[in-house]
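Lifted from Swiss-Prot, the feature list:
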ACT_SITE  GLU91  active site, proton acceptor
DOMAIN    94-320  domain 'Radical SAM core'
BINDING   CYS108, CYS112, CYS115  [4Fe-4S] cluster binding site
BINDING   GLY153, GLU154, SER183, SER206, LEU207, HIS208, ASN282  S-adenosyl-L-methionine binding site
ACT_SITE  CYS325  active site, S-methylcysteine intermediate
Amino acid sequence: MHIQEFHQALADIGARPCHIGRINRAWLKGLPLDAGTRHQKSEDYFPLSVREGLAPIAARIEKLARIHSRHDADDGSLRLLVGLGDGQMVESVLLPRDGLCVSSQVGCAVGCTFCMTGKSGLLRQLGSAEIAAQVALARRIRPVKKVVFMGMGEPAHNMENVLEAIQWLGTDGNIGHKNLVFSTVGDARVFERLPQLEVKPALALSLHTTRADLREQLLPRAPRIAPAELVELGEAYARRVGYPIQYQWTLLAGVNDSQEEMDAAARLLKGKYGVLNIIPYNSVEGDRFQRPSSERVQAIKRYLHDNGVLTKVRDSAGQDVDGGCGQLRARAAHVIDASRLRRREQAGVSAG
């Protein structure tokens, strides 16, 4: 469902814009659609036709998304496996300090080699109301003051629905614009569209390396854009909107954590209006990638910080409960990594 469909359904039962606005705000707070306020009961505000017609609309909205399972983690995060109306599932993560990570697609077409979500490919887009429904569900559990589009999917590949959800969350959802974070691998359309929006979100760019050839290997179906050009575009956006870019770097032991890479990262990012989030890879059994040691991660952070790059370590939330993006859904949906299966079969043949 799209947000416009929701609004049209409300208009069809006689809701005026002022009524639709109140219903929007109630839903995005995680409240019933007919919730009143401290100063005015719903029966004193909504006309009879709206009060009588809300129940079937509320039932449709409830079917958009439901919590299939909850997984509490030791770090204070709460991973939610969210079931959609057609039986598909996506992940949302309630983060410490009132944040929420939401999904924008079922699966993903980019196929990042270190990401579980890409193993299944792209199954379908989420509608704007399905994206917002993740926020409504989460707010029934605890406050949400920041929403990051870093869950399943590439937001730029579902641009219209994501931007519609951002507009809604940044107005009726009462979330500050810089607390809405649009994450992308570097789709050129992002840098054209986002500056034109009324609600201009913060931007997170998937960098992962300073080497164009390695980035093509790690992100095989991402736009062919050199890391230096990506940073240049990010810097221009950051200066325009007035809040820093987040650069994402998933640390893979022996792949992109060398001293040579860190030297290049320092040269590329020093003095830029941004922060580098280094994310130690969330290893899974039998995977070809491994996370660097804690000592190496801290050494990288210190080195970059000492060389003029604001650097933070961002572990995937919920390391003890399938913390990497897509891992929880993969376990529930029995998603198989074909390359890992082939390696196991080859190992079995060799052993025989």
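Glycine residues also receive a Cβ, built from the backbone N, Cα and C atoms like all the rest.
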Nearest by CA distance to GLY153 (S-adenosyl-L-methionine binding site): which of the recorded positions is it, out of GLU91, CYS108, CYS112, CYS115?
CYS108
Measure from the Cα of CYS108 ([4Fe-4S] cluster binding site) to the Cα of every one of the recorded positions GLU91, GLU154, SER206, LEU207, HIS208, then give the nearest.
GLU154
Counting all other Cβ atoms within 10 Å across every protein chain shown, which of the binding-site residues CYS108, CYS115 scores highest?
CYS108
Enumerate same-chain residues with a sequence separation of six or more from LEU207 (S-adenosyl-L-methionine binding site) and a Cβ-Cβ distance below 8 A; give 'none' if the list is empty.
ARG215, PRO227, LEU230, VAL231, TYR247, GLN248, TRP249, LEU276
Quick one: of the binding-site residues GLU154, SER183, ASN282, which has its CA closest to the CA of CYS112 ([4Fe-4S] cluster binding site)?
GLU154
Among GLU154, SER183, SER206, HIS208, ASN282, these being the binding-site residues, pick the one whose CA is nearest to that of CYS115 ([4Fe-4S] cluster binding site).
ASN282
Can you tell me how far the Cα of GLU154 (S-adenosyl-L-methionine binding site) sits from the Cα of GLU91 (active site, proton acceptor), in Å?
14
